[in-house]
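S.K.: The structure that follows is given in the form of structure tokens.
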Amino acid sequence: MDNSSQAQQQSQWDQRPVTDDVLEPTTSAMDQLALSTPLGKKRAGRGAVSSGLTHECGVFGAIATGEWPTQIDVAQVICLGLVALQHRGQESAGIVTSEGHCAKNFNVHKGMGMINNIFTDDSMKKLKGNLGIGHTRYSTSAASEEVNCQPFVVHTAHGALAVAHNGELVNCESLRKDVLSRGVGLSTHSDSELITQALCLNPPEGEVDGPDWPARIKHLMQLAPLSYSLVIMLKDKIYGVRDPYGNRPLCIGKIVPLTIGAYRNEKVDKLPAEGWVISSESCGFLSIGARYVREVQPGEIVEMTRDGIKTIDIIDCPENRRHAFCIFEYVYFARSDSIFEGQMVYSVRLQCGRQLAREAGVDADIVSSVPESGTAAAHGFAREANLNFAEVLCKNRYVGRTFIQPSTRLRQLGVAKKFGALSENVAGKRLVLIDDSIVRGNTIGPIIKLLRDAGALEVHIRIASPPLLYPCYMGINIPTREELIANKLNAEELAKYVGADSLAYLSVEGLKKAVQLNMAVKKPEQVGHCTACLTGDYPGGLPDELEW
């Protein structure tokens, strides 16, 4: 591209607002947009997002082994576990604990905001217990209000029950009608409350001697095949549940003695257990003195007691379909030090960058990333392309989502509040800039302008995931199809719009190849990943009745 063309494109960008709502869908995208599923009342009232994707939720549970009262501060373990899951939701959080001997009452503390602001010294002192569960939330199916904070606690004929849920029920409407038809009242529009009430229903085969909680859980899994990971607490035990498709993550860790550091090379099953934890991700285990043990398998129900952990049952995928673990956990949502399917997320992102370099290499001087989302992929791209990696953007970590922008000019420079350019690394360079995804497309243009203002000769954008084309109905706040930039502009058109010299995405097959390269799987015939937001192929079909 010659300098005059670059100057013209930059001038065009200068005159555009940062948001992309001025775009009209291209003719080639109109047919796709016509198929867009309306999102209606089910998601009304949830927090608005100006750009990017919104994380889901994080669930966590902990139980001490041996004699109770335990010396382990279970509430502190859960709080630290939730801090490690804070990236999955920042709207609200809650912890519920049990001392293990009273079925009537749990200790509960919940609130809106970040974990460190909710759980003060005074509130933590009240959360006494030998077991407990916690939750950090971003709303996908109900409003961002305190009434929807989790874990949900209900009092049944057989004692208190607490439930924390990550995911979103695809067949929410039919399950809601089923629960209401049995005389159960619901106080919110939350899927999680619906799950909690559904667990209170007697299973079809009945119960002889008190509640059969495994049977109730299996009944729920038959009524609602996806999407959820659940931690369910009773008086003295915790159940962990993962939907039969394995769409949402869940894993198990073992709390080991603090002196165990000298024996890190020992296999985890040989180490003594002071307690057990269960979590959406493994990233926080080391910070609480726990070791990663394994994932909860798709469809598995595990029971955690003071005596240890055991599998109760494994529910098969409906109609023998393949599993459908959310592929965007690898791309975007999970923390890079988490482990899924036997591999660290960072390694997969590195491999995505390598694959992207094979598919869309470009003649350039340096490779860099939009911090921190594209950094791992950028390192992979640089290694595969035999180019140097250099940081070109410095991120301001003290800027929130909201910001007063009193004039059009400051709004157009909005990205400057989040990033600064390292001009010495940029000036006179042809640059490949890697990011993990493009959603609405209203951030990358100002970043490119920032880099050009710092002296970049060329800016080539490479995205380490395929274009997002479809919304998600399984616990991720991906916008409607009309809001997704890939439905309006193809890669070449988008490059022109944002002022890049070129733009390319990783292919769907390339992403699958990167994810599955080093997977540790026992049954390859069951392996599968949900790519619905990329392909429109939803693992359980579209939501019933579409009352969204």
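Don't overthink the numbers, they just go from 1 along the chain as shown.
Cβ coordinates are placed from backbone N, Cα and C, and glycine is handled just like the others.
In case it helps, TrEMBL gives these features for our protein:
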ACT_SITE  CYS57  active site, nucleophile
BINDING   CYS326, CYS472, CYS530, CYS533  [4Fe-4S] cluster binding site
BINDING   SER373, ASP435, ASP436  Mg(2+) binding site
DOMAIN    57-307  domain 'Glutamine amidotransferase type-2'
S.K.: What mean pLDDT score does the domain 'Glutamine amidotransferase type-2' (57-307) have in the model?
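M.R.: Mean pLDDT, the domain 'Glutamine amidotransferase type-2' (57-307): 90.
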S.K.: For the binding-site residues ASP435, ASP436, which one has its C-beta crowded by the most other C-beta atoms within 10 angstroms?
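M.R.: The residue with the densest Cβ neighbourhood is ASP436.
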S.K.: To the nearest whole angstrom, what is the C-alpha distance linking ASP436 (Mg(2+) binding site) and CYS472 ([4Fe-4S] cluster binding site)?
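M.R.: With distance taken Cα to Cα, CYS472 ([4Fe-4S] cluster binding site) is 18 Å from ASP436 (Mg(2+) binding site).
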S.K.: In the same chain, which residues outside the set SER373, ASP435, ASP436 have their CB within 8 A of the centroid of the CB atoms that define the Mg(2+) site?
M.R.: TYR332, SER369, VAL370, GLY374, ALA377, ILE434, SER437, ILE463, ALA464
S.K.: Do me a favour and check the Cα-Cα span between SER373 (Mg(2+) binding site) and CYS326 ([4Fe-4S] cluster binding site); whole Å is fine.
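M.R.: Here the two Cα atoms lie 18 Å apart.
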S.K.: Compile a sequence-ordered list of residues in the same chain as CYS326 ([4Fe-4S] cluster binding site), six or more apart from it, whose Cβ lies below 8 A from its Cβ; state 'none' when nothing qualifies.
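M.R.: Listed in sequence order: ASN247, ARG248, PRO249, PHE333, MET474, ILE476, HIS529, CYS530.
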S.K.: How many whole Å apart are the CA atoms of CYS533 ([4Fe-4S] cluster binding site) and ASP435 (Mg(2+) binding site)?
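M.R.: For CYS533 ([4Fe-4S] cluster binding site) versus ASP435 (Mg(2+) binding site), the Cα atoms are 18 Å apart.
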S.K.: Cβ distance under 8 Å to CYS472 ([4Fe-4S] cluster binding site), same chain, sequence separation 6 or more: which residues?
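M.R.: Correct list: ILE478, ALA532, CYS533.
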S.K.: Give the sequence-ordered set of same-chain residues, not counting CYS326, CYS472, CYS530, CYS533, with Cβ within 8 Å of the centre of the Cβ atoms defining the [4Fe-4S] cluster site.
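M.R.: Apart from the listed residues, the neighbours are ASN247, ILE327, PHE328, MET474, ILE476, ILE478, THR531, ALA532.
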S.K.: Expressed to the nearest Å, what is the distance separating the residue listed as 'active site, nucleophile' and ASP435 (Mg(2+) binding site) at their Cα atoms?
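M.R.: Cα-Cα, rounded: 23 Å.
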